[in-house]
Every structure is written in structure tokens, then in C-alpha cells.
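Chemist: Take a look at the following structure, please.
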Ligand SMILES: Nc1ncnc2c1ncn2[C@@H]1O[C@H](COP(=O)(O)O)[C@@H](OP(=O)(O)O)[C@H]1O
Ligand SMILES: [Mg+2]
Ligand SMILES: [Mg+2]
Ligand SMILES: [Mg+2]
């Protein structure tokens, strides 16, 4: 048995599977045969979503058979999927890292892995592939402990960002975090918000913050990375609609970097496999979180009780 912790081996496998998924997603876009099916209103799935899900499920379930894996796409893994990532392939960058002490002894069957094989599908089908991310998040006791985010269309070969709660974020440099109790500048905020799932309530919450700039971009992973990197001050989504696989990986990275992700009331999300929907919205900041939550109007909050 390897002496390397389960968490480090799981992140290594996830990095390999996310990178391979990125290659699959780029290949599907290149062929132009997206194979779009509608799962619901404004909720498309493509061949890239299906193939990337199979790749990630096969890689993680073969190496960690006792892990509870919850993926967005309900697709059956086929025998060829097990060779997409070679069984002995690892990420040397991950294996050389030290596991944070609190996570060293976590066991396979303590963990839940939340997989969004392609986040930002709507944008993928509408000519904005740079909004797409591959999201693999890990939770323990209903809270995020680690995450991997791959951006298939970042630069020529894509970018992979990963981290463990209690450790550093790797693959990018997060913006400096500040006190959640800090007051935010009035009229100076850059808010990132959905591009394809707008509603009056979402707009009401954003307008109340009197933002300097409102950036409409696709993908939950993409928007949270923008906050993590300092390209926006907050992601504010006063709506149901995102699921636990949309937030788990990114929340782990935000926590590792000293930021905060909550619902519109300022409460933590619980990564419980029986409650997949983020039914009270999502708010992400790297500083001034409490002030931002306080500025969301009560009638907006009342819609999510
Ligand atoms: N109102 C809604 N209905 C269905 N899905 C929603 C939704 N709002 C957000 N989502 C999901 O949350 C993710 C981010 O959405 P957005 O880009 O609008 O911020 C998308 O994930 P997927 O692309 O993985 O399906 C999208 O499906
Ligand atoms: Mg989807
Ligand atoms: Mg998603
Ligand atoms: Mg998805």
C-alpha cells in the first residue's frame, strides 16, 4: 500500500482525468459534431459532457472503488474509458506536495467526489468555449476539502488549477484575501454574474450592490475562478439552479486562498449527496463577504427561505 495519502493520490488522479477531459472537449469542438441533447429548459448536454464524464468516472472509480462519486451526467462507463488515462499515470506536481495535516488520514469511504465534466455547456454550444471548465471537487463531512479545475481553452494547451483546504492553490496565483468583516467600497464593485440564466431576482441582487461593472460570463467554475484571480470582486447568483458539482471544487480553492463561498444568507453550503441543488443561491468573495451579504435586499433573501 502506498504511503502517500488518499487525498494526494485522489487529487493526482483528478488532475490526470481533468487534463484528459480537456483534450476530449477540445477534440469534440474541433470535429464540430457536438451531439446536443436538451436535459431540461436551458440545460443542454453535448458529446463532450458525456465523454468527459465517462473518462473521469472510469479513472476515479477504478483507483478508488470505495469513493462515493456524484457526477452531473448520467452515462454508463464503457471498457475503453478505463484506458483514456493510463492506470499508472500520475501528476508529479501533485505527488511532490505535502498533504495538510487535517486531511492526511482521510479514507476513501469518508469522501464524496463531485464531478462536473463540462461546466458552461450553454456557452460551449454558443461560441464561448473559453468559459468552459472541468470541475472535480472533494467533500468530507459535507464540506469541501480539495478541488481540481481545468480550463481546456486557456492558452494553447489549457490550464489546471488545484488545491487542498489548509494548503496552497497551485496552477495560478490567487488575489490576496481580506477580512470577511471588512467594509466594501460603495459604487466600486465588479460583479460577475450568469450570462445564460438571468432572472429579475438575480438582477435585483446585483443592482442593490450598485456595481461599477457587471460582467456576464458563463460557467460557475469560470466565474469563481475570476473572483479567485481578482478579475471580479464577487460572484452573486440569487437563484436556485447551480448544483453541488458546480461549486465544490471552486469552493475548496476559494477556502484554501482565504476567501468565502456561501448562499445569499451568508450560510455555508452543505455537500450532502441527498441535497444536490444549491437552492439558496451562491455568493463568492475574497474579502468583505459579510458586508456584501448585508447589502443583498431582504425581499431577495426572502425568496430563498
Ligand atoms: N436556472 C438554472 N437552470 C439550470 N441550470 C442552471 C441554472 N442556473 C445555473 N445552472 C447551472 O449552473 C452552471 C452555471 O450556470 P451559469 O453559466 O448560468 O452561471 C451550469 O452548469 P453546466 O453548464 O455544467 O450545466 C448550469 O447548468
Ligand atoms: Mg449541464
Ligand atoms: Mg456546471
Ligand atoms: Mg456540466
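The backbone N, Cα and C atoms fix where each Cβ goes, and this holds for glycine too.
A quick note: this is a predicted structure, and the numbers were derived from the prediction, not measured.
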Chemist: The Mg(2+) site in TrEMBL lists 72, 116, 118, 119. Which one of 246, 290, 291 belongs there according to the record?
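Modeler: It is 246, as the record lists it for that site.
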Chemist: In which DSSP state, out of helix, strand and coil, do we find residue 119 (Mg(2+) binding site)?
Modeler: strand
Chemist: CB neighbours of residue 72 (Mg(2+) binding site) within 10 A?
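Modeler: A 10 Å sphere around the Cβ of residue 72 (Mg(2+) binding site) contains 23 other Cβ atoms.
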Chemist: Only counting partners 6 or more residues apart, tell me which same-chain residues put their Cβ under 8 Å from the Cβ of residue 116 (Mg(2+) binding site).
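Modeler: Counting only residues 6 or more apart in sequence, the Cβ neighbours of residue 116 (Mg(2+) binding site) under 8 Å are 71, 72, 133, 134, 135, 220, 221, 243, 245, 246, 249.
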Chemist: Using the recorded Mg(2+) site (72, 116, 118, 119, 246) as reference, state which further residues of the same chain have their Cβ within 8 Å of the centre of those residues' Cβ atoms, listed in sequence order.
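Modeler: For the Mg(2+) site the neighbour list reads 49, 115, 117, 120, 121, 133, 134, 135, 219, 220, 221, 243, 245.
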Chemist: According to DSSP, folded down to helix, strand and coil, what is residue 72 (Mg(2+) binding site)?
Modeler: coil
